Each structure stands twice: as structure tokens, then as C-alpha cells.
Amino acid sequence: MLRLEEIDLDTIKKELDEERKKVEEIMKGNIPTEIKDLIKMVLFIVESPNKARTIANFFGKPSVRRIGNIKAYETTTGKYILTIVATKGHLFELTLKEEGVYGVLKEKEYVPIFSPIKKCLDCGHQFVDEDKCPRCGSENIDDASDRIKVLRDLAQEADIVLIGTDPDAEGEKIAYDVYSIIRPYNKNIYRAEFHEVTRQAIIKALEEIRDINTNRVKAQLVRRIEDRWIGFALSQRLWSRFKKKTLSAGRVQTPVLGFIIKRYEEYKKNRAHYYAVKTSDFEVTFISDDPLEKYDKTIKIEKIEEKESEKKPLPPYTTDSLLRDAVIELRLSVDKIMALAQNLFEWGLITYHRTDSTHISNLGIQIAQTYIENTFGKEYFYPRHWGEEGTHEAIRPTKPIDTETLIKMLREGDIQIQGITKEHIRLYDLIFRRFIASQMKPFIAIETKFNAVWSNLNTTIEGITDIKENGWNLIKPIKLLAIKEGEYEVIDVKHWIGSKVPLYTQADVIELMKEQNIGRPSTYATIVKKLFERYYVIEKNQRLIPTERGIKVYQYLTERFGHLVDVKLTADLLEKMDRIENGELDYMDVLRSFKKELIEIWKTKETKYIADGIYKWKEYSVPAIVYERYEKILKRKKVYPEYLTPWSRAIYNALPLDNEIEKQTLALAIEKDFEILTKKPILREYKKKYEHLKNLVDQLL
């Protein structure tokens, strides 16, 4: 196997520069056209500017074109002339215009309406449809429409368009959006999928192109529509109940909030007295249900058991296990950790970080072998694939470079990365050590169990007291339990009141989401972040505490819509989305079930909601007072949109009518008068007069 120090970097750089000069000559027309015809002009579209810059530098120093505020990197692989440009994430979001039901039309099938995303450059707020920021009023806006125009212009210059967005359902949706907007300008559009940003992976992706995976796209559409229909509808109920439009609800968000609240209730019920007893050599913590009146001056340690055991390494990181460890060891939020991991991926330092697989490829094993044999010796290398090959690998480094070497290469300019911080380095170190340990042999440990006795209290202490034979502990050192049998003088005692049931950390919540099957690698951090943003929970000493607002919101949602935010239903729903992604389930059937749930939300009795009114029109005859108002408003010659509340406006947009006055009037009548409809007796003499109005309701239903 070729070692890193054996690679002639100068020769490789020279070859790349020669290839680049050759392509420049081709473009100037100085090389025969038969050679020129063999080289394809490729527009390579990725998500982030970081990734675009990293990829461009794999093939020599790129030239840069600036088109508006978009950078396009131009380079060559020898076979392709690449123009690499970034979408900067999603281009479209469901419209907030009053189109259909929350931006989804019902024709033969459900048709979501998307609008280009806009971002305020002053306050960072993201929105659609408005011409200025709805939060701060700024007109300093980054509009995805500008990027769409650039992509279309560049597509016309290319022979082939390759879309290299992230290798998951969300990335596939972005790829589909890009495909849709440039299809009229270039017919040769394909998907390029890679799971690490390395030269080798990019070259492989360019050669193994495929079509868009429409099943992945359908799954992502279902996720988005479900969030808009159910999440938005539940959120609107919260706005009405609590008079605050910053509140939100969702299938996953609400059960997770419930986990935290229930844990907090258990925490309060299991209060106890804690005593940290300190000697000159160690500290032991005891728990008592009642306070102690006096303390012993000594503590006694008795050995219970000692045994030799083989300690195998843990598998390499998945998203949830990385978040769990990084929260504890780096003391960072899950949102921050995912942002750092995204950077490491885009810089080509780690593989894709949204994964639930522990599998390691042959290439990954070779990377581990190179490092382990050079650093510790061949006898410590113990290769493992860690499960069957799937869509993704585990999270691992892309090169046999440890943290010390990485820092050295950054300082000497061998690796050039803009914006890398100590936090990035610490996270990389965590990933690197876990991965290398997973490919090393077990170590042999001496485990010892002790009983500690003090002031009539007992507690068990156990841990590793010695290493008999080294293994993966060389890359992940083990802290030994420094305690021995004997009687020791107590030099200090600290007392506090705590709980036998600890509050959850962010790491615990991620683990619960994984266990209950209500989260995915792409959603773990987002869900936790929302709970903080809505002020449903706060964090104290890394422990999660529900706020009064969070408790009230959860009580309200579970009392009225408990079955819709149930853990089991949420898990079943996510399983259905997985089946859609695998082509095993029709996504339209799932959307139809969502529509039924949406109507169920509307039909709750607390306020004047759309479906209440609609169903009462069907159930009762319309009294004269309603018809008279309807007839009077019909005589107007102008529509007054300001009369429409959010609910009547939603009905107005859903009505399949051409007459604006009729639409507005019926919408107002349904919302304003449904209570009258339930209380007034049937007035049969008016039946013929209001028959037309009933027919309009029938059309809506």
C-alpha cells in the first residue's frame, strides 16, 4: 500500500496544471477539434459554496467567474471541463399565498405550489412571496430567483448537467427542483452522488451518473406537505388559544416535548439528599432519602469482585451517536454540532454526516490500516465492516490524518481551509478516534467492583483499575479507577438536594428519538433546536427543563389532538415515508390520510374553524338570516378582501367558484354564522332561496 509520504505531490500538481493548460488551448481553438469533441463541458451543481470550492481545487487551481453574486469555478478533470456552482441550499418552499389548502391544490391529485425562497441579509429571516422582509421590513434580500436564472444561463453553455446535491431525500428534492427549472434549457441532466468530498469520490461520481430518484423526492414532498398541513394547522390552533404566533407544533416536536416534560415530573417526584464525600485520594457520592444528622469521619472501601475482561470497541459514529457524544464531551448544542459536521463534510475531511449506518467500506478500512500500522503497529489492526453495506457509510475521516497532523498541515499551508475553528478540530478528533478505535483489536482490562460505606450509607463503585493488554485504548485512552481497599479519612463533605431520576440532556433526547423511531438523521438537531426557539424548554447545566409555556402547549395539544401527536402514530408515519422512498407505497394515499386528519383538526369545537361551518351547512338547513346577508352582499359590485379572516380566507381560496362576490360571501357566512346554523330551527319556507348557497357548499366538499 502506498504511504502518504511516498506520494510525489509536486508531480501530481504539475500533471494537473498541464491538463488545465491543455483545456485552455482547446477552448482557444489551438488543438484539433477531434480532441476537443472528446471533452465534454459539464455544469456541476452542488449545494454549498464551500463544497464547490473544495471540489474545484481537486483538479488544479480553478478560474473563477462571478455571475451577479454567484461564483462559478471552472476547472478540468482531463475528460471534462467542469463549471462548478452552488445552489446555496433549497431554492423553493411551499407558498404562503392563499392557494388551495395551505399551498396545496387538489386537482386529479394533490399538487403543492412552491415559490422561490428569499432571505433577508439584515436579520437572516427566510421567507417566500413577499417583496421585503416581513420581520424587519428590509429590502436587502437574497432571492433564489437570481440563482435560478444563473443556473439556466449556465445550463445552456453545457453539454451535460450533473447535480451533486447531498445523498439523501432532502438532497434529492433539491436535485429535482434544479432538474425542473433547467430542463427546458438542457435535456442532458443527471444525478451525481457522492458520500465524501474527495478527489477519488468525485471522479467516481462523475463516471457513475444516474437519474433522479423520484421515490426519494415523493418522500420529501410528503414530509413537507405533512408539516404544512398538520404542523401548520396545529400551530394555528396554538396561535388562537395562546394569542402568540411564534408557537408551533408538529408530529415529532410535540412527542419530544412530552418526553422532556414527563422526565421533569419524574425528577420532581424522586428528590433525594446527595453527599459528595472527599478524601485525599478520591471522592464518592452517596444518596439518602432523608437528611443526615451527623457525618462519619472516615469512609470504608471494600473490594467485592475483580475480573479480567475483553473490551471490544464501539462501532464508528452514526448521526445520533455522534450528537450524543459531542453534546457530552464538547458541551455544544446539537444544532451547533451538525453545523460543524456539515463544514467538515464540505471541506472533504469526513464522510456524509447524516447517516444511521455503521458500515465501513473497503476504502475506509484501508484508511484505518494505513494509520494504525504506521502509528501503533500491524498487530493492532483488526478490520471490521460493521454491518451490511447500505445507502450510506458511518461517519469517518476521509484520510489517515489525525488531529495533530491536520493542525500541522493547516499551519504549513499543505491544506487550505477557510473558517476552520478549534471546535471543528475537536469534533474531527472525536470522529477520528472513534473510527480508528473501531478498526483496532480489543484490549484486556482488569475490572473491579467496590462497596463504599459511610454514615450508614452504602454505594457501589466499579470500573477499570488496570490494563493487562493494550488495544484500541491506545487511540482512546481509558481513565482508570484510582481507588483501593481500606479506610480513609474524610476531609470534606458537600451536601445538596437532587433527584434519583436525572433530567434529560440533548444527547438523551436524541437517543430517545432514535429508540422510539420518531426521528431521522436529518431531523434530530432541527427538532431540538425548535424546542429552544419556541421557549418550550430551557437548558441549565446541560439539563433540559420544560417551561410553563411548553407544559401548557403540550397539555393543550395532547388533550385535544392526542392521537395526532402520539409517538406510535408518528413512528408509523415515518415508516410510511421510508416505504414511499423505497417505492413500496403510493404517496398520494398517504396525503389523502393527511387531508382527513387536517379536517379533523378543523372540526374541533373550541373556536370558529372552517370545517365546523362547512359540516353544519351540510347538516342543517340555512336560516333566513344567513340568506338575507348573503343576498345583500351579492348586490355589491366590489370585493372587500379585508373582511376575510384567516379562516374565511382559506375557505374563500378553496371554493371552486369564479364569482368573487359569491366566494367571499360564502366564506364569511360559513365562518361567521355556523353557530346560528346549529341553534336556529329549520325554516322550510326559505328552502328554495338558499338552495343555491347549499349547492356551493356541496361543491366545496
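Just so it is clear, glycine is given a Cβ too, placed from its N, Cα and C backbone atoms.
Computed from a predicted structure; not experimentally measured.
According to Swiss-Prot, the domain 'Toprim' annotation covers 41-197. Under the heading Mg(2+) binding site, Swiss-Prot lists Glu47, Asp166. The zinc finger feature in Swiss-Prot is assigned to 117-143; the stated evidence is sequence analysis. Annotation source Swiss-Prot lists Zn(2+) binding site at Cys120, Cys123, Cys133, Cys136, citing similarity to another entry. Residues annotated as domain 'Topo IA-type catalytic' in Swiss-Prot: 213-602. According to Swiss-Prot, the active site, O-(5'-phospho-DNA)-tyrosine intermediate annotation covers Tyr352, on the basis of sequence analysis.
One way to see the shell of the Zn(2+) site is to take the Cβ centroid of Cys120, Cys123, Cys133, Cys136; the remaining same-chain residues with a Cβ within 8 Å of it are Leu121, Asp122, Gly124, His125, Pro134, Arg135, Gly137, Ser138, Asn140. Within the same chain, residues at least six positions away from Asp166 (Mg(2+) binding site) with a Cβ under 8 Å of its Cβ are Glu47, Ile174, Tyr352, Arg354. Outside the zinc finger (117-143), and at least 6 residues removed from its termini, the chain residues within Cβ reach (under 8 Å) are 69, 88-97. Secondary structure of the zinc finger (117-143) per DSSP (helix as H, G, I; strand as E, B; remaining residues coil): 0 helix, 10 strand, 17 coil. DSSP gives Asp166 (Mg(2+) binding site) a coil state; it is part of no helix or strand. A coil conformation is recorded for Glu47 (Mg(2+) binding site) in the three-state DSSP classification, outside any helix or strand. Per-residue pLDDT, averaged over the zinc finger (117-143), rounds to 90. Long-range Cβ contacts of Cys136 (Zn(2+) binding site) within its own chain (separation 6+, distance under 8 Å): Cys120, Asp122, Cys123, His125. Within 10 Å of the C-beta of Cys120 (Zn(2+) binding site) we count 21 further C-beta atoms, all protein chains included. Counted within 10 Å of its Cβ, the other Cβ atoms near Cys123 (Zn(2+) binding site) come to 12, all protein chains included.
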